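> First, the structure itself, so that you have it in front of you.
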Amino acid sequence: MGRFSKMHGLGNDFVVIDARESAIDMTEARARAIADRHAGIGCDQLILIGQSDDADVSMQIFNADGSEVEACGNATRCVPLFVGRDVLIRTRAGLLDAKSVDGGASVDMGAPRFDWDAIPLAYPMDTLTMNASWEDLPAPAAVNVGNPHVIFFVDDLDTVNFDRLGPLIEHDPLFPQRVNVNFAQVIGDNHIRLVVWERGAGLTRACGTGACATAVAAVRRKLMTGPVTVSLPGGDLVIAWAPGGSIRMTGPATHVFDGEADWSRF
Ligand SMILES: N[C@@H](CCC[C@H](N)C(=O)O)C(=O)O
């Protein structure tokens, strides 16, 4: 039997497993089975906390479809709560410094990348105003914040068909590693409303890296200067970034319950 914690950041929910003492052999199929909301435990992402040579802990991230990915902003805020103290976390996207704040955490998410091959895109293109279009969406921006994001600034979010456009764009050959699809509307000074179709998970109530990428794109496009409040279906995040610097993300983290499961059944 193995123990796990159910946690979430703004309703983006996680099964978090402590693999520091006893390692668990996580495969794509096993991660997908655990994440299954009908036949498994259910989550948007499965998080494995392990030992690290150069940080307090390591964090591995698996999407609900079983794919292992580089970054997850909302899960990163849950790690200090899970471990019980401020932590330096080794991820595939680099070292992340996560500190507890009242009700959540504040994380240095590192510096964003904008080169076409760092997103990555399939061929060279300006990533601030991309030469690409899908139906009547405006030209998007692309930002890599450890994982790949494309951002559409639309006039009215309520007119967007997320369920149709999200998977269409996620799987477009322009994005060889697929992509997280962000639909954003500027609703005030330094204030954005955001809905994210996540790569490997679909529509979620919140995406921390999506909020980071969108705030960065808004500052790059000179739509605002920040700090930016990003209002997602699950609640608000505050993202601070200035050109040349790293991104600071601050927001809630919640522990829901602890459980036990027999991993050999998955
Ligand atoms: N929910 C996460 C992002 C999880 C990974 C993403 N779906 C990807 O495939 O890159 C967040 O809060 O950032």
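All residue numbers here begin at 1 and follow the chain in the order shown.
Even glycines carry a Cβ here, placed using N, Cα and C.
TrEMBL annotations: computationally assigned, not manually curated.
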> Can you match one of ASN63, ASN190 to the substrate site that TrEMBL gives for ASN12, GLN45, GLY73, ASN74, ASN147, ASN180, GLU198, ARG199, GLY208, THR209?
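As annotated by TrEMBL, ASN12, GLN45, GLY73, ASN74, ASN147, ASN180, GLU198, ARG199, GLY208, THR209 share the substrate site with ASN63, chosen from ASN63, ASN190.
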> Using Cβ atoms only, which residues of the same chain lie under 8 Å from CYS72 (active site, proton donor) while being at least 6 residues apart in sequence?
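CYS72 (active site, proton donor) has long-range Cβ partners PHE14, GLN45, ILE47, MET59, ILE61, ASN147, GLY208, THR209.
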> Look at the binding-site residues ASN12, ASN63, ASN180, THR209 and tell me which residue has the greatest number of other C-beta atoms within 10 angstroms of its C-beta.
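Most Cβ neighbours within 10 Å: THR209.
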> Where ASN63 (substrate binding site) and CYS207 (active site, proton acceptor) are concerned, what is their Cα separation in Å, rounded?
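Rounded to the nearest whole number, the Cα-Cα distance is 12 Å.
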> CB neighbours of ASN74 (substrate binding site) within 10 A?
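That number is 35.
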